[in-house]
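Below you'll find the structure, written out as structure tokens, and then a few comments.
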Amino acid sequence: MAGGGTEAFPDLGEHCQDPDCKLLDFLPFTCDGCKLVFCLEHRSYKSHNCPKSDHGSRTVSICETCSIAIETTGFDEKGIKSLLEKHERSGDCDPNKKKKPTCPVKRCKEILTFANNLTCKYCGVKFCLKHRFPTDHVCNKKIINTAGTSSRWNERFMEALSLRNQKGCGRGSSVSSKSSPSVRSF
């Protein structure tokens, strides 16, 4: 018996070429990298430690101008750059084909333009008008330290309140007399 099979069917199946296996497999797999024959268990590149596992892999680069994928298999970094420059000089590179930015909220497909997007003041991400409020999108960051502004607001409120009541509210601050009262009676 030369390659595999049984005495009755000598051409049926082949032995796995993994050194630790040698299983007679009736439906063998031929590796497209190293061209050896393997059983079901050893058919993947990783399972038989294929030395040419990246043989069939493909790489692409995305053009920043038009968002077209350009195959760059087998090129080094310098070659990829020249390939992209060649594409940009050709008539195929059209900036109108570039994918427009969309709202980052899940399942929202609204295209963000200059007129319909707002940046969240808490997380700094651009959203469409429908999802502009922190409650409408999953806002990742909490309110940035606004203790200084809230204390100033409280001071202004207390000053206005003291003007209204004509009392110092225990603060002992002098109130300017040229400010007009907040409520007028006629």
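Even glycines carry a Cβ here, placed using N, Cα and C.
As written in Swiss-Prot, here are the features:
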BINDING   Cys16, Cys21, Cys39, His42  Zn(2+) 1 binding site
BINDING   Cys31, Cys34, His48, Cys50  Zn(2+) 2 binding site
BINDING   Cys103, Cys108, Cys128, His131  Zn(2+) 3 binding site
BINDING   Cys120, Cys123, His137, Cys139  Zn(2+) 4 binding site
COMPBIAS  172-186  compositional bias 'Low complexity'
REGION    167-186  region 'Disordered'
ZN_FING   10-58  zinc finger
ZN_FING   97-147  zinc finger
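On the structure: features taken from Swiss-Prot.
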residue: Cys16; record: Zn(2+) 1 binding site; CB count, 10 Å: 24
residue: Cys21; record: Zn(2+) 1 binding site; CB count, 10 Å: 15
residue: Cys31; record: Zn(2+) 2 binding site; CB count, 10 Å: 20
residue: Cys34; record: Zn(2+) 2 binding site; CB count, 10 Å: 17
residue: Cys39; record: Zn(2+) 1 binding site; CB count, 10 Å: 23
residue: His42; record: Zn(2+) 1 binding site; CB count, 10 Å: 23
residue: Cys108; record: Zn(2+) 3 binding site; CB count, 10 Å: 14
residue: Cys123; record: Zn(2+) 4 binding site; CB count, 10 Å: 15
residue: Cys128; record: Zn(2+) 3 binding site; CB count, 10 Å: 21
residue: His131; record: Zn(2+) 3 binding site; CB count, 10 Å: 20
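Distance between Cα atoms for Cys103 (Zn(2+) 3 binding site) and Cys50 (Zn(2+) 2 binding site): 43 Å, as a whole number. Long-range Cβ proximity for His137 (Zn(2+) 4 binding site), meaning a same-chain Cβ under 8 A and a gap of 6 or more residues, is found for Pro104, Val105, Cys120, Val125, Phe127, His131. Other Cβ atoms within 10 Å of the Cβ of His48 (Zn(2+) 2 binding site) number 24 in total over all chains. Cys108 (Zn(2+) 3 binding site) carries neither a helix nor a strand DSSP state and counts as coil.
The Cβ centroid of Cys103, Cys108, Cys128, His131 marks the Zn(2+) 3 site; residues of that chain outside this set whose Cβ lies within 8 Å of it are Thr102, Pro104, Val105, Glu110, Leu112, Phe127, Leu129, Lys130, His137, given in sequence order. Across the fold, the C-alpha of Cys123 (Zn(2+) 4 binding site) and the C-alpha of Cys108 (Zn(2+) 3 binding site) stand 18 Å from each other. Of the recorded residues, Cys108 (Zn(2+) 3 binding site) and Cys16 (Zn(2+) 1 binding site) place their C-alpha atoms 51 Å from one another.
Looking only at other Cβ atoms within 10 Å, the busiest spot among the binding-site residues Cys50, Cys103, Cys120, Cys139 turns out to be Cys103. The Zn(2+) 1 site is defined by Cys16, Cys21, Cys39, His42, and by the 8 Å test on Cβ atoms against their centroid, the other residues of the chain that qualify are Gln17, Asp18, Lys22, Leu23, Asp25, Phe38, Leu40, Glu41, Arg43, His48.
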